[in-house]
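Read the structure below first, then the notes.
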Amino acid sequence: MALNGMFVLGWPGAGCVPREHLAPLSSPPPPPQAGLRTPPRPLDLQPPLTAPSLLLVCSSAGAAPAHSSFWQFQRMVKRITGRSAFFSYYGYGCYCGLGGKGTPVDDTDRCCLAHDCCYEKLKALGCQPVLSGYQFHVVNGSVVCRCTLGPGASCLCGLKACECDKRSVYCFRESLPTYEKTFKQAFSSRPQCGRPKVQC
């Protein structure tokens with residue numbers, strides 16, 4: 001559910017907290033009477049979370065379920081390449097990370113463009129690839145995809161998202177010899193990439 005139109009996250013691994021689990025905002029309790037000490041409350045008697053006590057507002061990625069392709073892709077990159085998806089690939093070249101424009105700078109960047117195109121095809125089929133759920137395991141260096149849900153459209157979308165992610169991480173692995181650290185631009189606007197986006 002949403003809190004004023006947004007999802008909220010309480011702590012790592014907790015997921016988004018539904019509105020009904022939040023205590024209403026109220027004034028603080030009155031101070032204890034002079035000379036009396038209030039014993040500390042045990043953990044299980046602590047009041048429920050209030051909106052101000054929450055640590056983070058979820059973006060669409062932060063609100064993604066634990067088995068969504070967003071999180072699984074991060075894990076898959078690490079398992080297959082040995083590198084962190086965020087620290088090695090987010091912001092790399094012209095297409096790795098959010099958005100993309102211009103001409104890919106090298107093979108790794110072309111992997112990211114191909115991944116974007118694969119996700120675009122899934123969106124055209126009515127899937128939400130970033131949120132589609134799947135699980136995977138690795139056998140002898142090969143990714144094996146499987147559903148998190150029973151058969152149906154959401155299972156199909158999850159498996160297709162896994163296939164996109166799998167092709168991308170294999171591509172990253174093959175491109176490791178030509179990976180160039182100077183193409184990694186943390187939160188840059190990618191000025192060297194030019195304006196037009198390459199068509200899929």
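Every residue, even glycine, has its Cβ placed from backbone N, Cα and C.
TrEMBL labels come from automatic prediction, so no person has curated them.
Pulled from TrEMBL:
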REGION    22-43  region 'Disordered'
DOMAIN    69-193  domain 'Phospholipase A2-like central'
BINDING   TYR95, GLY97, GLY99, ASP116  Ca(2+) binding site
DISULFID  CYS96-CYS112  disulfide bond
DISULFID  CYS111-CYS171  disulfide bond
ACT_SITE  HIS115  active site
DISULFID  CYS118-CYS164  disulfide bond
DISULFID  CYS127-CYS157  disulfide bond
DISULFID  CYS145-CYS162  disulfide bond
ACT_SITE  ASP165  active site
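Here the features listed in TrEMBL are placed on the structure.
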residue: CYS96; record: disulfide bond; Cβ neighbours (10 Å): 26
residue: GLY97; record: Ca(2+) binding site; Cβ neighbours (10 Å): 20
residue: GLY99; record: Ca(2+) binding site; Cβ neighbours (10 Å): 11
residue: HIS115; record: active site; Cβ neighbours (10 Å): 23
residue: ASP116; record: Ca(2+) binding site; Cβ neighbours (10 Å): 19
residue: CYS118; record: disulfide bond; Cβ neighbours (10 Å): 18
residue: CYS145; record: disulfide bond; Cβ neighbours (10 Å): 18
residue: CYS157; record: disulfide bond; Cβ neighbours (10 Å): 24
residue: CYS162; record: disulfide bond; Cβ neighbours (10 Å): 25
residue: ASP165; record: active site; Cβ neighbours (10 Å): 27
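The recorded positions near CYS118 (disulfide bond), taking a 10 angstroms Cα-Cα threshold over the set CYS127, CYS157, ASP165, are ASP165. When the Cα atoms are compared, CYS157 (disulfide bond) and ASP116 (Ca(2+) binding site) turn out to be 15 Å apart.
The domain 'Phospholipase A2-like central' (69-193) scores a mean pLDDT of 91 in the predicted structure.
Taking the mean position of the Cβ atoms of TYR95, GLY97, GLY99, ASP116 as the Ca(2+) site, the remaining same-chain residues with a Cβ inside 8 Å of that point are CYS94, CYS96, LEU98, GLY100, CYS112, LEU113.
The Cβ of CYS112 has fewer other Cβ atoms within 10 Å than any other of the disulfide-bonded residues CYS111, CYS112. Using a 10 Å radius centred on the Cβ of CYS127 (disulfide bond) and all shown protein chains, the other Cβ atoms total 20.
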